[in-house]
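One structure is given below, encoded as structure tokens.
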Amino acid sequence: MQPSSLLPLALCLLAAPASALVRIPLHKFTSIRRTMSEVGGSVEDLIAKGPVSKYSQAVPAVTEGPIPEVLKNYMDAQYYGEIGIGTPPQCFTVVFDTGSSNLWVPSIHCKLLDIACWIHHKYNSDKSSTYVKNGTSFDIHYGSGSLSGYLSQDTVSVPCQSASSASALGGVKVERQVFGEATKQPGITFIAAKFDGILGMAYPRISVNNVLPVFDNLMQQKLVDQNIFSFYLSRDPDAQPGGELMLGGTDSKYYKGSLSYLNVTRKAYWQVHLDQVEVASGLTLCKEGCEAIVDTGTSLMVGPVDEVRELQKAIGAVPLIQGEYMIPCEKVSTLPAITLKLGGKGYKLSPEDYTLKVSQAGKTLCLSGFMGMDIPPPSGPLWILGDVFIGRYYTVFDRDNNRVGFAEAARL
């Protein structure tokens, strides 16, 4: 082939849309709950002073049945990554949350008394050449109050690649993304947060104001080869980064064996059928089968209050404060395994998997990784498989086939 004949081919390659496998490092931080506990604050006080529960607003009815509501809060979120908004990108740390569908960050126009806003990074539309005004007001309800602001449109870079933080990991730019500029964050909840905002990765059905979620926009713009994303969360508390979110594929170095998939039972949250929960000491919960949400924005395992109370008793955990249960650290190795059956397959959690070592008042405590919360019918009861489970089992979210995949996570 003559050199001149290579030119048209090269031009075609340059003009073709770029599909990418995007890696976003995840960093582990101390949750709001632990931060407040370590300084003597009470989560009950937080709840009284400012709402923390996730979406409680009504969602427009569709043909697939009722939407689960008030599933969780961000008190226990522990992993964040970095994105950019605007041109040039303004960098923000966000929780990549499969339990919600909206992107929001603090606005430079936040209220004077919004302390949480002033101690986090803020989006400034005047500094972006790709900003498009929208102005529609939005409210995300958190119990008795709401996070509010207005919608804007701009380019979202994943991960953030500003001139001062160029990344060798590759990335994508999602154009014409509508997001929330938060001008009011309720109560004092978000003051203790190590993250600036939230990037929701659930289905469009639960998106506030029917805003197209970032990953859906990314799919429409054909920025990845496969419409899937996967999470590896390191169980090593000192590991940096603390994990990785991959857009467009999976990485076999992060798991052992093969992936096993379950179909999504309701395309709102990433909801799957849970066959049952077995404690090796003989207790069986969710005996007739139940529904579960796979949620990267929650660090704990969450289940109905009465059933989780039985589980805590079976593993010898005693109530502490703020809904937490304590286990004597010297007894952790003797505790029974807990197995979740999903799709007919058992996913075992060892005592080391489902207990958490934390510091409080200068002492090391061991806490149960399970917490009780009732989701009322018709949406509930529901279990939430949070980072305790995802850290043990590499998790793939497949929008092409509407399914969730699990495989035993590798220890790196």
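Yeah, the Cβs are placed from backbone N, Cα and C, and that goes for glycine too.
These features come from Swiss-Prot:
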type	residues	note
SIGNAL	1-20	signal peptide
CARBOHYD	THR63	O-linked glycosylation site
DOMAIN	79-407	domain 'Peptidase A1'
DISULFID	CYS91-CYS160	disulfide bond
ACT_SITE	ASP97	active site
DISULFID	CYS110-CYS117	disulfide bond
CARBOHYD	ASN134	N-linked glycosylation site
CARBOHYD	ASN263	N-linked glycosylation site
DISULFID	CYS286-CYS290	disulfide bond
ACT_SITE	ASP295	active site
DISULFID	CYS329-CYS366	disulfide bond
Task = Using all protein chains in view, find how many other C-beta atoms are within 10 Å of the C-beta of ASN134 (N-linked glycosylation site).
result = 18
Query = If you measure from the Cα of CYS290 (disulfide bond), which of the recorded positions CYS91, ASP97, CYS110, CYS160, CYS329 is the nearest?
reply = ASP97
Query = If H, G and I count as helix, E and B as strand, and all else as coil, what does DSSP give for CYS91 (disulfide bond)?
reply = strand
Ask   = In Å, rounded, how far does the Cα of ASP295 (active site) sit from the Cα of ASP97 (active site)?
value = 7
Query = Non-local Cβ contacts of ASN263 (N-linked glycosylation site) (under 8 Å, 6 or more apart, same chain)?
reply = VAL272, ASN402, ARG403
Request  = Determine, to the nearest whole angstrom, how far the Cα atom of ASN134 (N-linked glycosylation site) is from the Cα atom of CYS366 (disulfide bond).
outcome  = 48
Task = Return the residues near CYS329 (disulfide bond), defined as same-chain residues 6+ apart in sequence whose C-beta is under 8 angstroms from its C-beta, sorted by sequence, else 'none'.
result = LYS357, THR364, LEU365, CYS366
Query = To the nearest whole angstrom, what is the C-alpha distance linking CYS110 (disulfide bond) and CYS91 (disulfide bond)?
reply = 17
Remark   = Expressed in Å to no decimal places, the gap between the Cα atoms of CYS286 (disulfide bond) and ASP97 (active site) is 25
Request  = Using a 10 Å cut-off, grab the number of neighbouring Cβ atoms around the Cβ of CYS91 (disulfide bond), all chains included.
outcome  = 19
Inquiry  = Rank aside, I only need the closest one: which of the recorded positions CYS91, ASP97, CYS160 has its C-alpha nearest to that of CYS117 (disulfide bond)?
reply    = CYS91
Ask   = If one measures from the C-alpha of CYS160 (disulfide bond) to the C-alpha of ASP97 (active site), what distance in angstrom results, rounded to a whole number?
value = 17
Request  = Take the C-alpha atoms of ASP97 (active site) and CYS91 (disulfide bond) and report the distance between them in angstrom, rounded.
outcome  = 18
